[in-house]
Amino acid sequence: MQEKGLAGKMMDIVPGLLVMVGTLYVLRTYVEPWMKDAVVFGRKGWLVQVLSLNYILLSILTGMFYRNILFGGKIPGWAEEGFRTTRLFIKTGVIMLGSLYTFDKLLKVGGVAITLIVAFVFGTAIFIMWLGSRLGADRSVTATMAAACGVCGVSAAVATAPGVRAKPVDLALSIATILGFGIMTMFVSPFIGKALQLSDYQFGAWVGTGILNSGQVLATCLAFNPVFAPGTAVAYGEIWNVVRVICIPFVVFFITAWYWKGEADAEHTSLGSILASKFPIFVLGFVGMTALSSLHMLGAEGSETLHLMRDVMAWIFGVGLVGLGAYIDVREIKAAGGVPLRIGLIAGMVKYILALIIILAFIPKEGAF
């Protein structure tokens, strides 16, 4: 079969991409405004204000509906290439989020973020190593679960798997477990945050620390407050998220070193090689956008340029989150069972609750910007 050229590959993307963009258009233009005006339990806008059913969560739910009901559990071939752009949309949105910050603002909250994230990332990994040994779990399973729960879910688990000889089934179980837990927290966290009257700063710090998957952190922050601007939940949550993502190569090295200690014939890799191969390149784009903002090259706060960028960000994230929902396979989550499920749920719940306690005890309501 003759390999397709660039034009052919681009055309393959169009059908699935049109589905995602069209879905978001309908949700933002018709469904969300209707829900804001709908009267439930005698209260106008109850669905949005109490359940946080804005276009962000609706995008994910619609994507899940496509995958698990409309498509019968598998994205069809005609739409597959379009839906594969999901990660590109989300990472592009993360890069654009850099426009919400300046370096002086990052320095004001960076110390708190680094302290909390490093403590939780490595603390979670160590806890899972201990829990896995107590429950008699395979070391490869324990290692991938430690990465998945400790850092940011799928990316960290995939990055760790080769160095700890994880089998495909080990990786699949780890990913399914943390995604399943993340889906639950993604929907309940906005409700908890509003019930506890958390500020955007507190909510962003909690979610950025306690939720396991990067995409779910963004979705949860936007469900709590869908506004893209400095001082909002997504602005604070993404600082925590970026710090956590930067930790990936260091955690991969830490976990693989633990694995080697118990496996005499395991393959040794240096920290330098792991840094070179695992460092998340999109973080550099985020930093670059922050540099442009710091130099006032994107315009002053409230400018037309920034207003346009934030509107574009909303669309980029919305399209990406429709795709994110379409990659949540309920059958795979149900298949995650036994010891891996117990490890993931215990560790995830401990991290989630402990993060909330620490945020309530030590993080003030007012952020640095």
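Positions of Cβ are set from backbone N, Cα and C atoms, glycine also.
Features reported for this protein in Swiss-Prot:
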type     : residues : note
TRANSMEM : 13-31    : transmembrane segment
TRANSMEM : 46-65    : transmembrane segment
TRANSMEM : 110-132  : transmembrane segment
TRANSMEM : 142-164  : transmembrane segment
TRANSMEM : 171-193  : transmembrane segment
TRANSMEM : 240-262  : transmembrane segment
TRANSMEM : 269-291  : transmembrane segment
TRANSMEM : 306-328  : transmembrane segment
TRANSMEM : 341-363  : transmembrane segment
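Residues 120-122, 124-125, 128-129, 132-133, 170-171, 174-175, 177-179, 182, 212-214, 216-217, 241, 244-245, 247-249, 251-252, 255-256, 258-259, 266-267, 269, 274, 278, 280, 340, 343-344, 347-348, 351 of the same chain, all 6+ positions outside the transmembrane segment (142-164), place their C-beta atoms under 8 angstroms from a C-beta of that stretch. Within the same chain, the transmembrane segment (46-65) stays apart from the transmembrane segment (240-262): fewer than three Cβ pairs sit under 8 Å, each pair at least 6 residues apart. Stretch with the most C-beta contacts under 8 angstroms to the transmembrane segment (13-31), considering only 110-132, 171-193, 240-262, 306-328: 306-328.
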